[in-house]
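Summarising the annotation, TrEMBL assigns region 'Disordered' to 268-291. Summarising the annotation, TrEMBL assigns transmembrane segment to 57-78, 138-159, 216-235.
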């Protein structure tokens, strides 16, 4: 591709407005995730009656918490009102309309369309583009409030991009589910890890450590999100960071030394197992002859 053409496309992507199409894609995926999260709990008791039919208020509140999770948690950490995201009536009405269609459309048509692979891929592309936008603006907001606090800037950017995973435990509480062993800190998802990497890249750009035009960096992050999301949906590659994490832990987190220690402990045991008991009998007979 011609470099100028690539630069023009990157500039257009940088200036895209998120509302309504990109935000709607985000709301669709979040409402579908909430709906599917309660299905295992309903399978044993009332499989024919979804949770949204029995508890519509809880389902709506849970969906809204997930839809605006990044802003809620970021505002809480930055000392701003956590209810601020709900003052935008346009976004609340749009998210509510999406929640209603995903859960109550005739013959479950909207939900089935969202699960149809070609449509799901389009929704995922729009959602990942919005994720890059959220991470970048989270880094901007935190950099204005705490210019020299690089850790805070990275944390806020990560939360803006992947707040739904961090909100999951509290969101489940509103639906009567408590699974403390599945929180995002114990088992971080790829979205959280990718948002962390993107936050660091945008921070390095602000510090002039990356001598590349901003549109190219932004477009590169978008492509990074989109590529691995499509790989996850189509090919089942859920976390490409796992091999790097295993290598890092083996070298710097004691994995290599633990392996050496286990090998050193097992070797004497193997020598004892391979020892022939007849040798001990022969040695004892020779000692008696000497006596």
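Note that Cβ sites are derived from N, Cα and C of the backbone, with glycine treated the same way.
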Residues sitting near the transmembrane segment (138-159): Cβ under 8 Å, six or more positions beyond its termini, same chain? 70, 73-74, 77-78, 166, 192, 195-196, 198-200, 202-203, 206
Checking distant contacts: for the transmembrane segment (216-235), what same-chain residues at least six beyond its ends satisfy Cβ-Cβ under 8 A? 6-7, 9-10, 13-14, 117, 120-121, 124-125, 127-129, 131-132, 135-136, 190, 194, 197-198, 201-202, 205, 210
